[in-house]
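Undergrad: Summarising the annotation, Swiss-Prot assigns substrate binding site to Asp62, Arg70, Arg133, Lys163, His164 and lists sequence analysis as the type of evidence. Sequence annotations record features per position, and here Swiss-Prot assigns site 'Important for catalytic activity' to Asp174 based on sequence analysis. Marked as active site, proton donor/acceptor by Swiss-Prot: His176. Sequence annotations record features per position, and here Swiss-Prot assigns active site, nucleophile to Asp248 based on sequence analysis.
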Amino acid sequence: MGPVMLDVVGYELDNEEKEILQHPLVGGLILFTRNFYDVEQLRELVRQIRKASRHRLVIAVDQEGGRVQRFREGFTCLPAAQSFAGLSDNLNGTQLAEEAGWLMASEMIAMDIDISFAPVLDLGHQCAAIGERSFHEDPEQAKMMAEHFIKGMHSAGMKSTGKHFPGHGAVNADSHKETPCDDRPLEVICHHDMSIFRDFIQRNLLDAIMPAHVIYPQVDKHPASGSSYWLKSVLRQQLGFNGVIFSDDLSMEGAAMMGSYVERGQTALNAGCDMILICNNRDGAVSALDNLPLTKVEKLSELYHRGGQYSLNELKNSERWQQANKALTALYEQWQDCAR
């Protein structure tokens with residue numbers, strides 16, 4: 001399949017989108033809140049996508065929990081990653097983190113969605129783009145919670161995506177709006193932020209990784225998402241990562257310094273990304289499809305969900321879902337009360 005992941009505009013496919021999904025460069029599609037009205041509509045949209053595409057696409061969503069959860073009505077409202085470490089004991093926190101990973105993945109698989117881009121492995125809560133999406137500022141605490149979240153995802157049949165390599169948590173700027181710079185030296189980044197990625201790669205916990213649209217000027221002049229140093233020299237060679245590398249959305253301002261959409265896509269692919277995301281700009285996406293060279297990335301098929309076939313109603317009738325839903329809803333409400 002091709003190396004480009006796109007989006008669609010609304011609740012159902014239009015004729016142009018059906019044509020675009022036939023393009024040999026298209027290998028994936030990401031869904032947003034604007035694509036969701038209710039469970040039945042979402043199920044029909046996914047069915048349309050499967051029918052319209054040339055081959056099976058990787059269908060993705062950001063269903064992390066907390067403020068980043070694209071589908072809410074009819075699904076469990078998932079607590080933010082930060083909330084798990086705030087519980088009175090680590091055992092309860094890790095158990096709930098695992099159930100959150102399992103429940104999130106199970107609900108998405110019930111809709112025939114392959115992956116949620118999760119978990120966030122960035123450290124700390126100061127960054128505007130990260131905040132409560134981070135499990136903890138301490139690497140060991142973050143590892144403990146994230147490991148159990150991934151364990152839950154895997155048990156449901158969903159692959160994990162760690163983001164945002166080598167770490168987005170130490171900058172205040174939001175890469176959706178500008179290109180952040182992290183001025184720390186390489187040894188600090190490697191020892192602190194990157195330690196969770198290194199550990200999880202060694203233990204085969206990460207199936208995919210998404211690099212940050214962040215520049216680390218003491219290391220390389222390019223954002224990590226377009227840096228062959230970070231993706232090839234560090235991630236592939238030094239850390240030995242063999243999974244899928246996704247770019248973050250190339251329409252974000254953090255990627256704008258890489259040039260036009262074609263230039264952004266080519267830069268990210270040349271740097272080592274296996275699949276590039278081009279969202280929220282149809283003209284940019286079409287330009288990339290028209291001008292990028294035809295390539296195939298066979299390893300993307302490894303990201304298809306392995307959860308079997310069941311409906312959302314069948315899932316909700318299971319005892320595990322009911323218990324997990326009750327506990328996670330209570331934590332979600334508790335966290336919302338604390339945030340007010």
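Here the Cβ of each residue, glycine as well, is placed from N, Cα and C on the backbone.
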Undergrad: What does the structure give for the C-alpha distance between Asp248 (active site, nucleophile) and His164 (substrate binding site)? Integer Å is fine.
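TA: Distance between the two Cα atoms comes out at 8 Å.
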Undergrad: In terms of DSSP three-state secondary structure, what is the assignment for Asp248 (active site, nucleophile)?
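TA: Going by the DSSP assignment, Asp248 (active site, nucleophile) falls within a strand, counted as strand.
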Undergrad: Of these recorded positions, Asp62, Asp248, which scores lowest on Cβ atoms within 10 Å?
TA: Asp62
Undergrad: Using a 10 Å radius around its CB, how many other CB atoms surround His164 (substrate binding site)?
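TA: Around His164 (substrate binding site), other Cβ atoms within 10 Å: 27.
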Undergrad: Based on the record's binding annotation for substrate (Asp62, Arg70, Arg133, Lys163, His164), what whole-number value in Å is the widest Cα to Cα distance?
TA: 19
Undergrad: Using Cβ atoms only, which residues of the same chain lie under 8 Å from Lys163 (substrate binding site) while being at least 6 residues apart in sequence?
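TA: Within the chain, Lys163 (substrate binding site) has Cβ neighbours under 8 Å at Phe117, Ala118, Pro119, Val120, Leu121, Asp122, Ile209, Met210, Pro211, Ala212, Asp248.
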Undergrad: Among all the protein chains here, how many other CB atoms are within 10 A of the CB of Arg70 (substrate binding site)?
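TA: Around the Cβ of Arg70 (substrate binding site), 18 other Cβ atoms lie within 10 Å.
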Undergrad: What does DSSP call Arg70 (substrate binding site) in the simple three-state scheme?
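TA: Going by the DSSP assignment, Arg70 (substrate binding site) belongs to neither helix nor strand, so it counts as coil.
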Undergrad: Measure from the Cβ of Arg133 (substrate binding site) and count the other Cβ atoms within 10 Å, all protein chains considered.
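TA: Taking every protein chain into account, the count is 26.
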